[in-house]
Amino acid sequence: MANYTSAPEDDYDVFIEDDLSNDERELCSPYDPQALLAQLVPYLFITVFLVGLLDNILVVLIMVKYKGLKQVENIYLLNLAVCNLCFLCTLPFWVHMAWHEGDPGEPLCKILLVLYSVGLFSEAFFNVLLTVQRYQKFFQMRGFFSATRMVAGSIFPSALVWVIAVLVMLPELAFYKPQMENQKYKCFFGRPLFLPADETFWKHFLTLKMNILGFLLPLFVFVFCYVRMRRTLKFGERGYDLFKLVFTIMVVFLLMWGPYNIALFLSAFNEHFSLHGCESSHNLDRSTLITKIIATTHCCVNPLLYVFFDEAFRKHLYHFCHLCNDTAPQPTEEPAQGTSREEPCLSTKM
């Protein structure tokens, strides 16, 4: 009889402890990002969308029409612009949901998830490809290939990056569940897109995946290649300007996405850092939201970097705007393939 009563009592005690811990957690109300989203997101994201759409389309046009796709770097930069356009497509929907708190439905939430994740991871991977390609070119690891073969060889890595970005996104899509609020399904910008994050394993797994593939991998490749190249590359040497552009693109990417990755990591592993109190939890949620908003503006920054650090791009942009304003344009003045050889002559005008 004693053995029969002791086991249920032990189980009952464990059940009560779990209930108490859950009650304690429920006392801490979840952070409500709606006020911050309604104030900050609409105007900021509308500006980012309009500026990003304009300058990334200009990048695509200039890369295809003027600079051409005979250089591997141009192909990767063109793909970066496409990544940014994928990312930009999600912004109007976040603005609408922040303003009107509408119910977009589960299919649209999944489409936003796909565009957001694929755009983010593909941009990180193309930054890695750009850095590695510069590293290879400096040390002449592919110097015996012809230009045509080099460009043909860049098509496979570009396609592979898009395939990998889609595969990396699949866990989020497979485990995605829209959240319920006021009896409506909603997809939130302010919270990580990998819900059901109630399962601790998947929350940790998907957070580490984001940290490693979206931040630490580009950071490691950048530091390794930069240190090796910096020892041999001299100021004014041929290729220095392109090195400076690739370097700046990667640094800006890491600076804008680094704070979000740190905040996301601390939020997911808060119990290991004694940050599970109500105030700490709210501060982490707010920090994750703010850093995510800042990082999202990155999709309109790259083309501005081209204007400041790529002299050839700046000249082609000048001629493109000149042709648009000219009532009688002369297409023979700027042949599509006369880019690299004409740059020294054009540079004297700037």
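In case you wondered, yes, glycine gets a Cβ from its N, Cα and C as well.
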Swiss-Prot: matching membrane side for Gln136 and Phe243: yes
Protein Cβ atoms within 10 Å of Cys109 (disulfide bond), excluding its own: 22
Region pair the transmembrane segment (289-309) / the transmembrane segment (150-170), three or more CB pairs under 8 Å: no
Touch test for the transmembrane segment (245-265) and the transmembrane segment (111-131), at least 3 Cβ pairs under 8 Å: yes
Tertiary contacts of the transmembrane segment (111-131), as residues 6+ beyond its ends and Cβ separation under 8 Å: 73, 76-77, 79-80, 83-87, 89-90, 93-94, 104, 157-158, 161-162, 164-166, 168-169, 172-173, 176, 187, 193, 213-215, 217-218, 221-222, 225-226, 246, 249-250, 253, 257, 299
Mapped DSSP class for Cys109 (disulfide bond), helix or strand or coil: helix
